[in-house]
Amino acid sequence: MTPVLEEAFPNVSRETRERLALYDSLLKKWNPVINLVSPSTLTAAVDRHFRDSAQVFALADLDWRRWTDLGSGGGFPGLVVAILAAGAGHPGRVTLVESDQRKATFLRTVARETGVPVEVQASRIEALPPQASDVISARALAPLPALFRLAHPHLARNATALFHKGAGWKKELDDARAEWRFDAKSHTSETSPEAVVLEVRELSHV
Ligand SMILES: C[S@@+](CC[C@H](N)C(=O)[O-])C[C@H]1O[C@@H](n2cnc3c(N)ncnc32)[C@H](O)[C@@H]1O
């Protein structure tokens, strides 16, 4: 287990850290074959991917029952959420949606090897029946207006969307207001100074 993982996750159980370490090693093994994350980010994966993902778990209200992660790719942030939730004894169900079959196979492999219960939907988000999720997350999937179109059918009443966004997030928010009503709060990212996690509630069409 790398000391970096211990520093990044000081308050989780040993079992959770071991699961994260196993995930990290599988990511490094599979990445040259299916490009789950940019290869240049692999050496700093604990910070760039694992700690970055953990932010949404910490921001969500604790009482969620269904969490859906859209466009999960290599599992960020959704699979990290599932590992942290399992470690905390959280009873909620996490679904990862990823249309690329090879990436979905990777997600199922990590879930099986770490023993973390997670549902992997290997399909396009647009093809899913409504998920009625209390929390929806997505990182690096689409600009905000398009992301709202993808997420909206899957939100339960009083749901929260937690979206990682880069430096252009203010412009994306302005663009989205042409089409959508919502309350939004930005949380400065702990892993990248110009990035944020946007917390969006009460999303409805204009
Ligand atoms: C840029 S990657 C980001 C992956 C991951 N969220 C991350 O931050 O590392 C976007 C992922 O979304 C998936 N994706 C894009 N559009 C999708 C759709 N309409 N339905 C399901 N998955 C989609 C792609 O296959 C890809 O794996």
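Every residue gets a Cβ built from N, Cα and C, even glycine.
Per TrEMBL, the candidate among ARG112, ARG139 that belongs to the S-adenosyl-L-methionine site alongside GLY71, PHE76, ILE125, GLU126 is ARG139.
Of all Cβ atoms in the shown protein chains, 9 besides its own fall within 10 Å of the Cβ of GLU126 (S-adenosyl-L-methionine binding site).
Non-local contacts of ARG139 (S-adenosyl-L-methionine binding site) by the CB criterion (under 8 A, 6+ apart in sequence, same chain) comprise ASP52, SER53, GLY71, PHE76, PRO77, PHE163, HIS164.
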